[in-house]
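Written out below as structure tokens is the structure these notes cover.
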Amino acid sequence: MTDAPLIDPFARPITYLRVSVTDRCDFRCTYCMAEHMQFLPKKELLSLEELDRLCSAFVGLGVQKLRITGGEPLVRRDIMTFFQRMSRHLDSGALRELTLTTNGSQLARFAPDLAALGMKRVNVSLDTLVPEKFAEITRWGRLDQVLEGIAAAKRAGLRVKINAVALKGFNEDELFSLIDWCGGEGHDLTFIEVMPMGDMGEELRLDQYWPLSELRARLAERFTLTETDETTGGPARYFRLEETGQRIGFITPLTHNFCESCNRVRVTCTGELFMCLGQEDNADLRAPLRAHPSDDSALIAAIRGAISRKPKGHDFDYSRQGVAGQMSRHMSHTGG
Ligand SMILES: Nc1nc2c(ncn2[C@@H]2O[C@H](COP(=O)(O)OP(=O)(O)OP(=O)(O)O)[C@@H](O)[C@H]2O)c(=O)[nH]1
Ligand SMILES: C[S@@+](CC[C@H](N)C(=O)[O-])C[C@H]1O[C@@H](n2cnc3c(N)ncnc32)[C@H](O)[C@@H]1O
Ligand code: SF4
Ligand code: SF4
């Protein structure tokens with residue numbers, strides 16, 4: 001680290017950076033994107049060189065965990081060049097973890113190279129194991145391609161964590177089959193509460209919302225759940241199923257707020273720094289990056305200024321009447 005670390009106004013050290021490298025995706029998950037998304041012109045996106053400067057500046061400020069996301073990060077052209085560049089921070093010991101959240105569609109192609117440059121684990125989003133339902137929820141995706149990608153990641157020695165968004169009336173009936181499949185394959189599994197990101201119609205959101213407190217109660221009918229204090233540095237709380245020893249994570253922004261231990265910020269593919277996933281305030285990092293191509297002091301000042309405004313938490317709320325705290329931007333823009 002070259003500089004004083006980033007500490008926010010609530011004394012939370014910021015050590016986890018999530019960066020969206022593209023708004024594009026080869027899927028159109030119904031809770032994430034509209035079917036006919038308008039994508040940004042290329043010049044709006046940070047170039048791979050700009051992404052390198054930006055991530056390296058954060059590493060210099062004490063970020064130890066870097067998660068690349070999107071859109072679908074593995075559909076960005078030449079993205080492996082960027083990962084290769086970032087691996088120097090693993091080699092130097094400055095970064096503890098370089099990782100990725102992906103829909104898995106391109107993993108068969110990239111998993112060996114990702115493992116070779118020092119990546120240890122990947123998070124793959126998978127909400128159902130039924131091919132027809134997979135095609136329905138992702139609109140454009142094919143389950144067998146993703147399963148092959150996951151298998152390739154495992155073969156390459158990458159640990160896999162499956163992220164499943166809990167969707168009422170959609171994957172409620174697959175709770176145990178997802179758990180059994182992950183248990184059999186040796187994958188970790190985390191359930192996520194659906195968040196009101198992007199304008200998809202309030203009615204759809206309310207229909208989709210399946211509180212993880214209900215999911216847990218359902219789980220408890222078959223398993224004894226013990227809460228653990230394990231953490232992966234992310235927002236999930238982990239429980240152990242006593243009968244199988246399996247670990248299940250819950251990301252519950254709605255039913256159990258985890259903001260008090262927040263350690264992260266995220267940068268969009270256009271270089272906006274969002275200090276909170278659930279708030280609108282942001283700082284433009286692209287302007288200082290482009291205005292000073294060989295001097296990062298303005299960039300670092302902009303980062304520090306933004307962290308000094310990091311809010312305490314989000315305002316998401318699903319009341320019975322409607323959805324509050326809704327964000328106008330899509331999850332694919334912020335990267336989740
Ligand atoms: N509200 C909120 N949700 C988050 C936050 N970070 C992650 N999530 C949600 O959790 C989902 C899964 O996150 P991942 O990309 O797997 O990252 P992670 O949970 O930090 O991953 P681990 O390193 O495995 O703990 C995201 O897509 C978001 O939906 C956060 O800071 N706030
Ligand atoms: C936006 S995607 C980007 C990375 C990659 N394309 C993927 O799907 O893993 C990151 C994560 O956000 C989750 N996500 C998208 N929209 C969401 C929403 N409205 N609420 C909760 N999670 C959401 C996805 O399920 C995925 O796990
Ligand atoms: S959740 Fe991921 S895979 Fe699905 S549309 Fe959003 S960015 Fe694409
Ligand atoms: S909602 Fe905001 S404050 Fe809460 S954990 Fe996520 S980023 Fe941090």
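Backbone N, Cα and C define each Cβ position, glycine as well.
The [4Fe-4S] cluster 2 site recorded in TrEMBL comprises Cys259, Cys262 together with one of Cys269, Cys276, namely Cys276. For the S-adenosyl-L-methionine site, TrEMBL lists Tyr31, Gly71, Ser125; matching the candidates Met195, Met275 against that entry yields Met195. The record from TrEMBL ties Arg18, Arg67, Lys161, Arg264, Val265, Arg266 to GTP, and of the options Thr101, Thr102, Thr231 it ties Thr101 to that site too. Of all the binding-site residues in the list Arg264, Arg266, Cys276, the shortest Cα-Cα distance to Gly71 (S-adenosyl-L-methionine binding site) is found for Arg266.
Non-local contacts of Cys276 ([4Fe-4S] cluster 2 binding site) by the CB criterion (under 8 A, 6+ apart in sequence, same chain) comprise Cys259, Cys262, Val265, Lys310, Pro311, Gly313, His314. Taking the centroid of the Cβ atoms of Cys259, Cys262, Cys276 as the [4Fe-4S] cluster 2 site, the other same-chain residues with Cβ within 8 Å of it are Phe258, Arg264, Leu277, Gly278, Lys310, Pro311, Lys312, Gly313, His314.
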